[in-house]
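What TrEMBL records for this protein:
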- 3-241: domain 'IspG TIM-barrel' (DOMAIN)
- 256-345: domain 'IspG C-terminal' (DOMAIN)
- CYS260, CYS263, CYS297, GLU304: [4Fe-4S] cluster binding site (BINDING)
Amino acid sequence: MKKQVFCGDVKIGGGEPVSIQSMTNTKTSDIKGTVRQIERLQEAGCQIVRVAVPDMEAAAAIREIKRKIRIPLVADIHFDYRLALEAIEAGADKIRINPGNIGSREGVEKIAAAAGERGIPIRVGVNSGSLEKDIFLKHGGVNAHALAESALRNVRMLEEHGFEDIVISLKSSDVKMNYRAYALIDRQCDYPLHIGVTEAGTPSRGKVKSAVGIGALLLAGIGDTMRVSLTSDPVEEVLFAKDILAAAGLREEKLEIISCPTCGRTEVDLEKIVNEVDNKLRGLHLRGNLKVAVMGCAVNGPGEAKGAHIGVACGRGKGVLFSEGKTVKTVEEKNIAEELFKMAEEYDRNTGKVY
């Protein structure tokens, strides 16, 4: 079991559930825009949010942002240790640095002292694009052993200054390298690990890499907090992170939507219907669990949907809505998503009954 640290009121490590993080893509100095995005992230289920701190204006903005949000805030620092000191003074709940690019051991010492005084953790964030030159040359380039060595070197630097409230990340865009690096560091220290795949790319490609890369780590019991990195709206990162945790059996999502892969028997635009249903139902604040089935035809639909609380079996521009295996009514294709949404609300409100 990993050591436990606190990021605000969120526990990382120590056997606690894996927490979900994201990062804003607004200018941090744009306080209104940043707060607005963080509120959306909060609503989606983000538990820790990180903001970029490229200058003193951004660092100072943390003070006002913190007053208006409900989740812990992490300041992302590169190159200038003074930005970290200002962010800590402004109330950041955690600092993310790569000690190797802060510029001097003196700067790292000052950050460690300030963070220690405030009782906030530091994430040592190493990635394949910021490897120290001597480690790069020693290993003949970037590989898992090089990433692990860099992370441990930077951790030791903080430990030398008496600081041990540490979280580690060592990310690569190469999924295999990423897994091997985390597996190495997991065996070599007891600090909690922030997992993810860096520079994962567009939503379609990034989701595949993140599902494989993060999912493999989670199934191996590696990881205490996570971020899915996508070139997209950060809210999408959070929603997909929840999906990964649920698929790995580490988080019970109240909503589960199942749908068939379609075939020549499908006589409706099932992809459109499923997306509409998913978008509508994700906004529900369910009191209990709800399994929804969206099936493209009546051949395999009823059998495959067995166990669903509510659902629809489609055919010839229509959909037969059912609840607990019993037919409720038939609706036009264009109304399927809206009718399923109403059924979901009613089912949840009436503790498993649709009248």
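Including glycine, each Cβ sits where the backbone N, Cα and C put it.
For the domain 'IspG C-terminal' (256-345), the model's pLDDT averages out at 86. Of the listed binding-site residues, namely CYS260, CYS263, CYS297, the sparsest CB environment within 10 A is found at CYS263. The DSSP secondary structure for CYS263 ([4Fe-4S] cluster binding site) is coil. Applying DSSP to the domain 'IspG C-terminal' (256-345) sorts its residues as follows: 29 helix, 29 strand, 32 coil.
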